[in-house]
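These features come from TrEMBL:
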type: DOMAIN; residues: 334-617; note: domain 'ABC transmembrane type-1'
type: DOMAIN; residues: 649-871; note: domain 'ABC transporter'
type: DOMAIN; residues: 992-1272; note: domain 'ABC transmembrane type-1'
type: DOMAIN; residues: 1310-1544; note: domain 'ABC transporter'
type: REGION; residues: 928-952; note: region 'Disordered'
type: TRANSMEM; residues: 78-96; note: transmembrane segment
type: TRANSMEM; residues: 111-128; note: transmembrane segment
type: TRANSMEM; residues: 135-154; note: transmembrane segment
type: TRANSMEM; residues: 186-208; note: transmembrane segment
type: TRANSMEM; residues: 324-342; note: transmembrane segment
type: TRANSMEM; residues: 449-468; note: transmembrane segment
type: TRANSMEM; residues: 474-496; note: transmembrane segment
type: TRANSMEM; residues: 559-580; note: transmembrane segment
type: TRANSMEM; residues: 592-616; note: transmembrane segment
type: TRANSMEM; residues: 1032-1056; note: transmembrane segment
type: TRANSMEM; residues: 1114-1145; note: transmembrane segment
type: TRANSMEM; residues: 1216-1238; note: transmembrane segment
Amino acid sequence: MAEDTSSPMDRFCGSTFWNATETWYTNDPDFTPCFEQTALVWTPCAFYWAFVIFDFYYLKASLDRNIPWNKLNVSKALVNLGLLVITALDLIMALVKKGGDSELPLYDLDVWGPIIKFATFLLVFIFIPLNRKYGVQTTGCQFIFWFLLTVLSIPRCRTEVRLDAERQKILNSQQPSEQDFSWEEYQFVSFFIFFTFTSIMLILNCFADGMPRQTKYQRGENEIPELSASFLSRITYQWFDKMALKGYRNPLEEKDLWDLRPQDSCSEVMPIFAHHWNQNVRKNYKNKARVEPKAQFSNGNVTFENPHGEKNGRKKGMASIMPPIYKSFGGVFLFGALMKLFTDTLTFAQPQVLSLIISFVEAQEAEPEWKGILYAVLLFVLAAAQTFILGQYFHRMFIVGLRIRTALINAIYRKALRISNSTKKESTVGEIVNLMAVDAQRFMELTTYLNMIWSAPLQIGLALYFLWQQLGPSVLAGLAVMIILIPVNGVIASRIKTYQIRQMKYKDERVKLMNEVLSGIKVLKLYAWEPSFEKQVLDIRDKEIATLRSTAYLNAGTSFLWSCAPFLVSLVTFATYVLIDENNVLDATKTFVSLSLFNILRFPLTMLPMLITNLVQTQVSVNRINKFLNSEELDPNSVLHDSSKPHPMSIENGEFSWGDEITLRNINIEVKKSSLVALVGTVGSGKSSVVQAFLGEMEKLAGVVNTVGKLAYVPQQAWIQNATVRDNILFGQTYDRKRYNKVIDACALRADIDILSAGDLTEIGEKGINLSGGQKQRISLARAVYSDADLYLLDDPLSAVDAHVGKHIFEEVIGPKGMLARKSRVLVTHGVTFLPQVDSIYVMKMGEISESGTFDQLVKNKGAFADFIIQHLQEGNEEEEELNQIKRQISSTGDVPELLGTVEKAIKLARTESLSDSISVTSADSLMGRGGSLRRRTKRQDSHDSVASAASLKKKQEVEGKLIETEKSQTGGVEFAVYKHYIKSVGIFLSVATLVLNFVFQAFQIGSNLWLTQWANDQNVANDTGLRDMYLGVYGAFGFGQGVLAYFAVVIVYLGGFQAAKTIHNELLAVIIRGSVCRFFDITPIGRLLNSFSGDMDVVDEELPATMDSFMTFIFMVLATIVVISLSTPIFLAVIVPIAFLYYFAQRFYVATSRQLMRLESVSRSPIYSHFSETVTGASTIRAYNVGDRFIEESDAKVDKNQVCKYPSVIANRWLAIRLEMVGNLIILFASLFAVLGGQTNPGLVGLSVSYALQVTQTLNWLVRMSSDIETNIVSVERIKEYGETKQEAPWELEQDKNKPKNWPQEGHVEFQNFQVRYREGLDLVLRGVSFNIKGGEKVGIVGRTGAGKSSLTLALFRIIEAAGGRISIDGVDIASMGLHMLRSRLTIIPQDPVLFSGSLRINLDPFEIKTDDEIWKALELSHLKSFVKSLAAGLNHEIAEGGENLSVGQRQLVCLARALLRKTKVLVLDEATAAVDLETDDLIQKTIRTEFKECTVLTIAHRLNTILDSDKVIVLDKGQITEFASPTELLDNPKSAFYSMAKDANLV
């Protein structure tokens, strides 16, 4: 053994370390024993020591603790102990048997070998109890360590077995041997024990440990298997199999989904993000006054700091969301980046192996066969490693994306609860919702590609380096081409960006307009204005499509450049290479290694521009989100809560504005404890603003506002949530039956609740669609009363209810004897009646307080208040007993003769008109049970019972009060009909053209590659330059053809897509605008329709064409690959069948599951947005009640629920990718194996087929991804197509309408004949055979309790609801026989709710622009708006805000009156239009109607006495039938009439 060992490793082992002849240049390769015992053992050990840091990280990050001892971890510990013992024994034996006096020398290896192994095993051993303690169920490093150790020990097995065989030979041979084999024998035994133990450890590490005992979050039945899946199961996603199988067998439903992983839930993500955001905000302020600990976590509430800061903090610019995002989610991202680096390196090993394979085929005879097999297997192993690592990489990136989205949605939500009014003005609700829906989503799509920013340049660099090795400096020519292409692309990208922004703008406009159209659809239909609005939407849409078209041409340009880029580059490079020097010849190796490198280049080059456009879009989104998150917030300190002040509510010298000019000045108000303060004044005098000032909603310019105690607030326009009636009243408080019932009775809601289908558990539609105005108002009041606060701000809660209910509520709730008697209350009111009972009164005028004091003092002052009262009394709207009360009050103050005179007159007037519509809730005393009137108490007189409340009347139908139909998520495959519908929308010509162009394009590509093969194999080229130039020329021609075809293929796909988008949108719009109100709009939430117009349309506009384009490209690429491989190795066709089978199965399983998951995800996404828009609308109420935290929690829960659906669909992608790529890797394996073994002698063809195979994994993967993308995106088409089955109303225009005279109806003679009607199929009749006859020009009042069918009567007249029997005729013409627009445009209605649309005042009065300015001004004058409009800067072009927000409710009502005056038709319907108006305005309206509509037939749904007293006839309705029809006097003369008893109930007769 005394050989001269040269290298240090040889000396270390005492034998040769590396012997090339033994290992490489031989037909029977083997390693030397020294190599086996050092390199092959130390590699795994080194790996483990290098990566053990990850194990420590997982210990730290684990949310669980304490895994019980079980079979698995006990056996791990025991086997590990065994390994420790055997290694220690090795060391002891070596020291005993060798060195010293034994003849075997002791080498370093004998000592260090065991020591290194022992140290590593010890480290692994330490982790067993640690992982147990910290609840880590599986660890990757250990699995890989045992895997490497086992695999790398296999060569030694072979060596040891051979040596043993040799030893046996020697021993069995006859010569007695002197040799002592005991050391070798020991090594043999020891090694095999060691090998068995490592294999057992490998097997044990394939399983995950048991469940931890302590977990931070409750782990339910339904927890996600990933949490307790082993490493092996995690990298292969085997834990997802159950879901895939379930989804394949039958469509998944929500209950099949797993719970969210705790670390992805809002409660884990938010605190981290908030912490970094707050840090960032603080950094932006120069004065670092406050230093705050980590994000506070008070019962799960995360506080975000306001970047707008104190008024004094000087600001260094906007706080951006980017730094907090890096800091919060950067760690996972970096780990992903590390993996990406790894796979990028692996990618470049493949062409190297390819060159080995080609040279092997070239030198077929000289090389032993095992090398060919080794190369093929090596190629497979590289590809497989890449597959697994990439899978984990994408998974990580998606998780980061999801978390960023969660963080952003939550940050936006929390901000929306706090934005100031000036901010709110800048953006509509739609735009704010878009921040969530579109911009936060963008991030998620970007994270997956973000690493390409560094990875793409790296890949390009490496590719160029290897190309240089193949082709030398001529690569630079190719590089030059690339570099020239980049700026060209940059220019195109920036153009695309401008178009993108323009298109976003149009989309916002369109969605905003749609929102208004859908919200006001009933009004549009009553006025027959749909065509005007439809045209407005289509105009915007045309602009949008035009913008998209321009983008498409540019996109095709980019795609042309990039499909040509690799080709141009290779053409230029090869041309330069062969033309520089006569000696440069292209051979197979050079050609195909370069080609596969060029193919690698193609990916980063394609990705870079895509990434750049994506980054640009995201930048736009970041700016939008930043702008919103940095916008001004309400100043929380504008209202003080200083309990040392004498009164619970006060304003001293207040000056307030709504963001522009000053609205309120010199406001001084004091509200004493338990007192009731009234604010009175004319419309627009600033009463509501004072209430808002108390709430801190207005900008305080000067003064002090102070409130002490819990607030409750009743807004002027009730804000009702889409929840049950009970939830709306409880508003997050616990249910206390006694108190609840008391509140309901006090607020006169008992009767309403009895009528609703499921009582107080009836669901209320969005914005309270199925409640009447008065019901909403009373629910809003009940919410306030139930909340049992200390301070009450009541903003005109009695406006929408009629006198008697108002009186009841005042006495039971607000007044000195009501439920709130002990509280401090501020009441804004229009009625004079209750003022004597108020503790003090503040009179508002032009934004100032003109006087204040008690009723008596103010009457004595003879100031503004006295005028106010006189004016009121002259209108004679009050009832007698109330007037008497006022009279008593005034006379007791003495010395006010003129006032007394007015009262006397008013009393006389009231006696003459004494008749009341108090049909429902009787006056206070009879409420107490006197008289038999209790039965009539059912419900207050308030009609506009919006369609559905009458519809749901006593109907147990619609699952006990479920109103909104649940959004269906389709199950199962998308039917072919949907594809057919889409292809039809694209058009046959474009569809065929797409296929043909793509086919020819691929043909050219294969042609050019086969031509290269021919060239590379042609031996004569070396000597014949002419031949060479011919090859080059044809190659160039192929390339040019490819480029042109690529351009047209893309353009055609996109144009087809936009054609379809246009058709589909216009059909959807037409269908929806023509939808029937009762049968469609009442049961479909607006959010869902808007989702179709924004979300689904977005997919059809942008995603589908792009997806179709990619799909075409990939499907032809896959076919091309199969053709090429089969050309070179026909035997490959045999393998293609089983592989195709595998592929098909993976694809089917995946698509079924993934599609369903996508659907569930999109259904769970809309609640986030509807809840959000609801919050934005009701923000002031939420703030007043101080329940922001509860709403934030609800929002978080909705986001989490959406993640629950989103996460599995991300995993489904990975699950599929791993399986498909393994199929692709098998294709690589077989293509290369057959090439090596099949005796294929043409190196060019082998190179071609293997380089195509290398691409196939990517392509296959993309193909399934695209086909499933098409399936998921086509769901949008399917959803839109479903709306095509919307219940339509009758046609708008009919031929025979043209014969009707221009001024029909001339008479205005209306006749109902046995008329019956119901709201929807399956509901009860609302009108049961009504007959009456109204002569032209008669004035008719309609009375009846709620639900009696008053509104139904008018709706039927306009055919909003169609007859179920009988007929209505106007001037003898049956209205059912004419087009709806003909009918509706010849009738006029003044609806109860004044609906305005954003746009100019002019558009609101005359959307078809057919009236002259003079006519419009005349109408404005008659409706008392002229002076107001004149005072506006823009006059008739004054922009009206969304929903008419910038006009007061009274002014809106007057605008509706002006509309009616402009139309001036023979028949006018008045739907209790007096609810929301103060008495003055009401009077104006009444006067105008009496004078201007003298000649017309007027139907009034009565609301106040004097409205129907002077009418010619009165119709009394009860339960859908006419009980009385005569003149008012006649009915009052008959004590038996119902009309009389109503009057009597009100103490009027």
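Using N, Cα and C of the backbone, Cβ positions are placed for all residues, glycine too.
TrEMBL entries are annotated by machine, without manual review.
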Of the stretches 334-617, 649-871, 992-1272, which racks up the most C-beta pairs under 8 Å with the domain 'ABC transporter' (1310-1544)?
334-617
What is the average pLDDT across the domain 'ABC transporter' (1310-1544)?
85
Intrachain residues whose Cβ lies under 8 Å of the transmembrane segment (111-128), provided they are six or more past its termini:
12, 37-38, 41-42, 44-45, 48-49, 52, 55, 73, 76-77, 80-81, 83-84, 87-88, 90-91, 94-95, 139, 142, 145
Within-chain partners of the transmembrane segment (592-616) [C-beta distance under 8 Å, separation at least 6 from its ends]:
347-348, 350-352, 354-355, 358, 445-446, 449-450, 452-453, 455-457, 459-460, 463, 466-467, 470-471, 482, 486, 489-490, 492-494, 496-497, 500, 558, 562, 565-566, 569-570, 573-574, 1009, 1012, 1016, 1244, 1247-1248, 1250-1251, 1254-1255, 1258
Spatial neighbours of the transmembrane segment (135-154) far in sequence, C-beta under 8 Å, 6+ residues away:
40-41, 43-45, 47-48, 51-52, 54-55, 58-59, 62-67, 120, 124, 127, 194-195, 198-199, 201-202, 205-206, 208-212, 214-215, 227-232, 234-235
Where else in the chain does the transmembrane segment (324-342) make close Cβ contacts, counting only residues six or more beyond its ends and a cut-off under 8 Å?
269, 272-273, 275-277, 279-280, 389-390, 392-393, 396-397, 399-400, 403-404, 407, 443, 447, 450-451, 454-455, 458
By a Cβ-Cβ criterion of under 8 Å, what residues six or more beyond either terminus of the transmembrane segment (449-468) are in contact with it?
333, 336-337, 340-341, 344-345, 347-348, 351-352, 397, 475, 478-479, 482, 573, 593-594, 597-598, 600-601, 603-605, 607-608, 610-611, 614-615
Tell me if the transmembrane segment (1216-1238) touches the transmembrane segment (1114-1145). I count contact as 3 or more CB pairs below 8 A, with pairs 6 or more residues apart.
yes
Cβ-Cβ under 8 Å with the transmembrane segment (474-496): same-chain residues at least 6 beyond its ends:
460, 464, 467-468, 551, 554-555, 557-558, 561-562, 565, 568-570, 572-573, 575-577, 580, 584, 605, 608-609, 612-613, 616
Under 8 Å between C-beta atoms and at least six residues away from its ends: which parts of the chain pack against the transmembrane segment (1032-1056)?
549, 552-553, 555-557, 559-560, 563-564, 567-568, 571, 574-575, 578, 986-987, 990-991, 993-994, 997-998, 1000-1001, 1004-1005, 1007-1008, 1011-1012, 1015, 1105, 1108-1109, 1112-1113
Residues sitting near the transmembrane segment (1216-1238): Cβ under 8 Å, six or more positions beyond its termini, same chain?
235-237, 357, 360-361, 369, 372-373, 375-377, 379-380, 383-384, 387-388, 390-391, 394, 1125, 1128-1129, 1131-1132, 1135, 1139, 1142-1143, 1146-1147, 1150, 1154, 1246, 1249-1250, 1252-1254, 1256-1261, 1264-1265
Six or more residues beyond either end and a Cβ under 8 Å away: which residues meet both conditions relative to the transmembrane segment (186-208)?
72, 75-76, 79-80, 82-83, 86-87, 89-90, 93, 97, 137-138, 142-143, 146-147, 149-150, 153, 156-157, 160, 163-164, 228-233
